[in-house]
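In TrEMBL this protein carries:
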- A:THR66, A:PRO67, A:PRO68, A:GLY69, A:GLU70, A:GLY71, A:LYS72, A:THR73: ATP binding site (BINDING)
2 protein chains.
Amino acid sequence: MPSDIEIAQAATLRKILPLAHERLGLPEDSLVPYGHYKAKLSLAHIAGLQDRPDGHLVLVTAITPTPPGEGKTTTTVGLGDALGQIGKHAMVCLREPSLGPCFGMKGGAAGGGHAQVVPMEDINLHFTGDFHAIGLAHNLLSALIDNHVHHGNALGLDVRRITWRRVVDMNDRALRQITVALGGPGNGYPREDGYDIVVASEVMAILCLATSLADLKRRLGNIVVGYTAAKQPVRARDLKADGAMAALLKDALAPNLVQTMEGTPAFVHGGPFANIAHGCNSLIATRTALKLADYVVTEAGFGADLGAEKFIDIKCRKGGLKPACAVLVATVRAIKHHGGSGLEGVAALEAGMANLRRHVENVQQHLGLPTVVAINQFTQDTPQELAAIAQACADLGVRCVLANHWAHGGAGATELAHAVVQLCEAAPPRRAEVYADELTLDQKIEAVARKIYRADGVRFEPKARQQLAELQAQGWGGLPVCIAKTQYSFSTDPGRLGAPEGHVLPVRELRLNAGAEFVTAICGDIMTMPGLPKAPAAERISVDDAGRISGLF
Amino acid sequence: MPSDIEIAQAATLRKILPLAHERLGLPEDSLVPYGHYKAKLSLAHIAGLQDRPDGHLVLVTAITPTPPGEGKTTTTVGLGDALGQIGKHAMVCLREPSLGPCFGMKGGAAGGGHAQVVPMEDINLHFTGDFHAIGLAHNLLSALIDNHVHHGNALGLDVRRITWRRVVDMNDRALRQITVALGGPGNGYPREDGYDIVVASEVMAILCLATSLADLKRRLGNIVVGYTAAKQPVRARDLKADGAMAALLKDALAPNLVQTMEGTPAFVHGGPFANIAHGCNSLIATRTALKLADYVVTEAGFGADLGAEKFIDIKCRKGGLKPACAVLVATVRAIKHHGGSGLEGVAALEAGMANLRRHVENVQQHLGLPTVVAINQFTQDTPQELAAIAQACADLGVRCVLANHWAHGGAGATELAHAVVQLCEAAPPRRAEVYADELTLDQKIEAVARKIYRADGVRFEPKARQQLAELQAQGWGGLPVCIAKTQYSFSTDPGRLGAPEGHVLPVRELRLNAGAEFVTAICGDIMTMPGLPKAPAAERISVDDAGRISGLF
């Protein structure tokens, strides 16, 4: 069986400029090429598209995943291709993969099998440099903070209250907790610090929610980097960092255009973490795709409890998007996993359906999206298992289709495509947010906990309770909340599979993202800097003398 | 008076693909575009050029500089343009600027006035991402080191003897000396560490000396990252890091093609520090340019004592290059500066000529290069001052020409161009190395110290003396040496201007660069991570709503 990279390298790519012209009507001078197969669409051209009507927006989400994931990206690509195969004018919007995990466990993240975006190696490695620009803009602000303190600290920043860390696009556990500015007066004032991975940077979240270069600059200036001894916030604007940060990001804000292996145009742009941030590709890419195509298929990170909720409550709310429907991806493997360890085969599957059932209810009722379940089929799935899922979905009143895009590309997902078209045409787009803007931050967290996680309530730890009071008093109560918890359970305990009940959401800490304009609630252990495994993927990755990459599976 | 960025933004650029075809005969498919005005020349195409004859290689170097620099890059660009104006087929090879200094004191580094490479903002900011790739390849190795130690340390690395630091392309003094892996067993084994700026990375030096992707991978594998408790070296290859590092660098190795404001093709590729590394653009770019043009003008960092010596003894020796001649750039300002603080006007100038005189002798006699002195003219220079320099050069028997490319572009440097052509045509290319490969490391350091710095001798501090013995015993004696000392004096004391005598070269430390294949001798205080000034340039840099950068002067 060929690996993902072997399949991708065997694909025949079309040059991106003629493809963009033919498929999207984009003139050559609207695109800035990065090699022959990648391009950025200019912000000036995007500004000229605003009067066009929007296409249908389709969200691909998933049940609670197992560690390898259930194939949301693959399904997004496969569905985009399948819509093309049934004669619809479609585009795909994906997140950019992070380099760090490439060298760790996961390998590439640009789809899989016969449903990939290409050039796969480029997309997984440096791509068009967006993440490098984000990392550098972030670290420029970090350097300006310590430099300000070193040169007299006119703003009175309290070095114990600096909340802005540093970032690198690498899994590097040794950088989680460090001390900086050691070595004497010439090196500044020693303090505790740490690194997060670039996808966890607030700059990443800002880039993905900004509507223009002006909006980006405004948001960058609003970043709160820390507090004075009197607990007054100090912003990036106070350090005069916003202009240079925006200058570093001006190209990164333009969406990246590539293609699927079947030639469907795809924006692959931005990639905020799906726990401490909102986990969707850039708003600017999604909005632009809606002007360029009749059907836009996009995804949101992790299961629907995290990804779809944030997609609706943060991205769609702030960006004025109205999705038409949702595709809920499930696999036999994951449903059985949720059935618990005591059961096997169809019995495990039937027990595990509780997880799927709850996600379907959430997406349909609480997020307001007509839903189709897509079973991402694996070769080892048995007919009995597939029949059991079909029956359970029928009982639930939700349509369920098998999807074989991994093996067959778009041709394997045409039934899914027809189901999606039917949902899009059946009703006008709408969205039902989980909470209203007017609620307080704790009320918003409680609404998500009760409606989506089905918790009995929320427990704020003392520190979080105090932060809640401070944030409300400082006027941040109107922001949406972004809940960071494990993706492996509706609860905060990754061991509680299926559809747990009776749990409480423990909120450990609140983090203000004044530039990204949401407040993150940290619930349970959340890692913002992953580590590498004992035998990291980096050991297998190489390049031959002709420049051909291998080992990025 | 318009600023550099204003002049550059007013220039009319030609699209790079047609320019490359017309000026260099490069077919479109040999180039990978990065936007419309930057491209990388493919390594496959370069491999096909090897049978062509070489053009003339012209080195631009300088007298001992003042802090703002004397205009080597500007002169390199102006001379390239002037050669074109007198009907020669010329190319320019420059280093890529580092982002860090952009945000600090210096602003941009792509020439100045009417002698710049463009697009200036792109070249100064992310350009084609080479430095990001180098930084990430470096930091991947760092992460793999701590990960190896964390997961059992099978190689027995001594955490006290890890010599591989981390890097970032930013002036950030707080990162010079840090402790990492704090916070408990999950974060690894605590140890001291620190960051250097990316241009100081050995990976940068390796990229700039590698002759092919295979050679790059070999050198990366050879990097020594630290030692076991028994002082046995541990290499990147032992950590299986070389493949993934090379994969990250495969595009970065291809030279970047841009143009001067007058349309002269320019490779801007690689940029190792000129003190702890060799300070020249990539060997692959210079070699390729020699296949594509009749005259190739390049530069080496700092004054001729550092830059020209390393250009000859490291880059030319290892790369088989034979330069035809050298241009020694001087300014009235710098010569007066070397005259000392007690003198003014022509008297200062005459005293300061001792510096220029010594550099001319060094370049002609010890480096074997026919030399012309170029006075990079400033508007405030008086006729009396210029006449005094002319007389001093006449007495010295070296040709001296005025160059006004800053104000007039190539037209301001045609006399210099004619002088260079005359030198190139007068004699076959040759080079005289300062020391033979067979000498021991200390003999090599002594040869440079006595011949070039005119020191009375070398003093190895005890640590350096021990390292010398170890390196010789381990078989590294055959490598060239790269001396890191201040650029502001022939001695290691930046206050000793002019042509100091009676000084001794104190060697504090030796650093093995087993991948780059040279041994660095640290003499005096050498900073591998700069800091930002009190009012950094970052505060003035911005971008308007249409994407136009300002403040990068």
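Cβ atoms are placed via backbone N, Cα and C, with glycine included.
Whatever TrEMBL says is automated annotation, not expert-curated.
What TrEMBL annotates, mapped onto the structure for a quick look.
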| residue | record | contacts (Cβ under 8 Å, 6+ apart) |
| --- | --- | --- |
| A:THR66 | ATP binding site | A:THR331, A:ARG333, A:ALA334, A:HIS337, A:TYR488 |
| A:PRO67 | ATP binding site | A:TYR488 |
| A:PRO68 | ATP binding site | none |
| A:GLY69 | ATP binding site | A:ALA62 |
| A:GLU70 | ATP binding site | A:ALA62, A:ILE63, A:VAL329, A:ALA330, A:THR331, A:ARG333, A:ALA334, A:ASN376 |
| A:GLY71 | ATP binding site | A:ALA62, A:GLY112, A:VAL329, A:THR331, A:ASN376, A:TRP406 |
| A:LYS72 | ATP binding site | A:VAL60, A:THR61, A:ALA62, A:GLU299, A:VAL329 |
| A:THR73 | ATP binding site | A:LEU94, A:ALA109, A:ALA110, A:GLY111, A:GLY112, A:GLU299 |
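Shown in sequence order, A:ALA62, A:PRO65, A:THR331, A:ALA334 are the same-chain residues outside A:THR66, A:PRO67, A:PRO68, A:GLY69, A:GLU70, A:GLY71, A:LYS72, A:THR73 whose Cβ sits within 8 Å of the Cβ centre of the ATP site.
Under the DSSP three-state reduction, A:THR73 (ATP binding site) is assigned to helix. According to DSSP, A:PRO67 (ATP binding site) sits in a coil region rather than a helix or strand.
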